[in-house]
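Enquirer: The structure that follows is given in the form of structure tokens.
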Amino acid sequence: MTTALCAEFCPHRLLFTRHKIPPYTSLFRCRSNGDSLLTNSTNLDTLKVKLSTEARPNHVSAYTDFKEAHFLKLLHRSCKAGNYDEGLYFLECMVNLGYKADVILCTKLIKGFFSSKNVDKAAKAMRILERYGEPDIYAYNAFVSGLCKANMIDSANQVLSRMRKRGFAPDIVTYNIMIGSLCNRGKLSLALKMMDDLLADKNCQPTVITYTILIEAMILEGGIGEAMKIFDEMLARGLQPDMYTYNTIIRGMCRCGLMDEAFEFVRSLTSRGCKPDVISYNILLRTLLNQGRWDEGGRLMEEMFAAGCELNVVTYSILISSLCREGQLEEAINMLKIMMDEGLSPDTYTYDPLISALCKEGRLDLAIAFLDYMVSSCCFPDIVNYNTILSALCKNGNADEALEVFGKLAENGCPPDVSTYNTMVSALWNSGDRGRALVLVSEMIGKGIDPDEITYNSLISCLCRDGMVDKAVELLGDMESSEFIPSVVTYNIVILGLCKVRRISDAIRILAEMVRKGCQPNETTYVLLVEGVGFAGWRAEAMELANSLCRRNAISNQALTRLHRTFPVNHAYAGGSART
């Protein structure tokens, strides 16, 4: 499905002048990863190295007589080609023939296996290095970093302990890896404890990077006030912040709504020995335009120019996104032209709000033309761009065309993600093609893509809409046994489905189960139940229930009034009137 880019957009066809900014179920089960492979079945110190048969070349026997240099050459070539399984095989051959494991090549193997998400083989390469070679701090840091990225913090701590036993003291890179990983996972208290360990270490001291990691995390958890205490501590230790640190603080102030303080902080940077950069101004500009403060945004840009700070791709992307959000699509396209006239190349983040806005306006042909133009300009669309197009096609009833695009995603170098599958599954089901929808669910899981909460909610909604409420309840149970705890939205979908088929007692049972499991019903939950009772023929009982819920503040007076209009009954049987 290729559409030629029309004259409405082609840069070489239209002339633009510099623009002035306007003022204004059993079906599937989820998987989870843990640390067990490093802590239970495998002992990193005692497991013997065995010759692997995985990826063993047919001409293996010929290699056994080669000299060490030959093996190192083969191992290096395998790592360079990204064939880490073959590299691991050559490493095992070497050590089994009595040769020493090379620390540099082992480190490359460790990094390679982590990059391909093969933690077991990365651990195996580390074991070989520890037993048959001499690991260094770089190898340990690579291993610890890989474990942290795999969310295996406990295993990383075990490796730190093993490092110390082997006489390797963690360096600042090790500490930064651990502190950063803990902060990224919302474990700020443990990160601060790790910082205390670092401060107590006589051979290693925190750097600007260390403090910046903690400042960023503290802004998210403790607020800008607590973050500034860490910043002051950093200054007290004689460390000079860099622009990354300053921009982290500016971003934190903006996030907390402290715009005046953020502007004051930016203007104080010169006296602190730093000059605000384009990132500093972009942070402020994004916040102003998100609040619709175009006049102030214009003045900020004048200040940028006066400071000799040129606009970059991010600046233009912020302007384009804000214009799209304001509904000024033509102005956004005009801004894109100005950007390109300035010699800047738009990226996927620049195009995404334009494609999204075009889809919302129903201008799918032009949205697809943008997509084609991106490819022809070597700015390859990401999965967000494709998901936007697919969603719009499906909403417009073009499921077949969406499937055509969907089928070409992998060959375009952009394999579908869970959001893509969610869109397609819902569209196929809504178009009556349940079979293909379920095939896609199976395909998704077969490719190792775990369903998310939206997948469950979408399928449960589809099942309920088609009257297959027993299957929906079964899928709800499957969701409860997975890592996704059903939300109030999920329960509401099931309750609505049960009410539609007049299974009121089952709906009440689901409500009771919901409360028992700690999910608090909202007004929608209760209104759905009242409507279910009323449409089942028990109007008086429904309004008696509604009045009772209103007295308990479970539903509002407005909701009660609407229900009274839907189910008019004699007040003598309605159990009272609305609260006053």
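Any Cβ shown, glycine's included, is placed from N, Cα and C.
A quick note: this is a predicted structure, and the numbers were derived from the prediction, not measured.
Per TrEMBL, repeat 'PPR' is recorded for 136-170, 171-206, 207-241, 242-276, 277-311, 312-346, 347-381, 382-416, 417-451, 452-486, 487-521.
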Enquirer: By DSSP assignment, list the helix, strand and coil residue numbers for the repeat 'PPR' (242-276), in that order.
Expert: 25 helix, 0 strand, 10 coil
Enquirer: Six or more residues beyond either end and a Cβ under 8 Å away: which residues meet both conditions relative to the repeat 'PPR' (207-241)?
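Expert: Same-chain contacts beyond the ends: 172, 175-176, 179-180, 183-184, 186, 188, 191-192, 195, 198, 248-249, 251-253, 255-256, 258, 272-274.
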Enquirer: Take the repeat 'PPR' (171-206) and find every residue of the same chain, 6 or more past its ends, with a Cβ under 8 Å from one of its Cβ atoms.
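Expert: Answer is 137, 140-141, 144-145, 148-149, 151, 153, 156-157, 160, 163, 213-214, 216-218, 221-222, 237, 239.
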Enquirer: For the repeat 'PPR' (242-276), what are the same-chain contacts with Cβ under 8 Å, counting residues 6+ beyond its ends?
Expert: 208, 211-212, 215-216, 219, 223-224, 227-228, 231, 234, 283-284, 286-288, 307, 309
Enquirer: Pull the DSSP breakdown for the repeat 'PPR' (277-311) and write it out as helix, strand, coil residue counts.
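Expert: Counts, helix then strand then coil: 26 helix, 0 strand, 9 coil.
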Enquirer: Taking the repeat 'PPR' (136-170) alone, what is its mean pLDDT?
Expert: 90
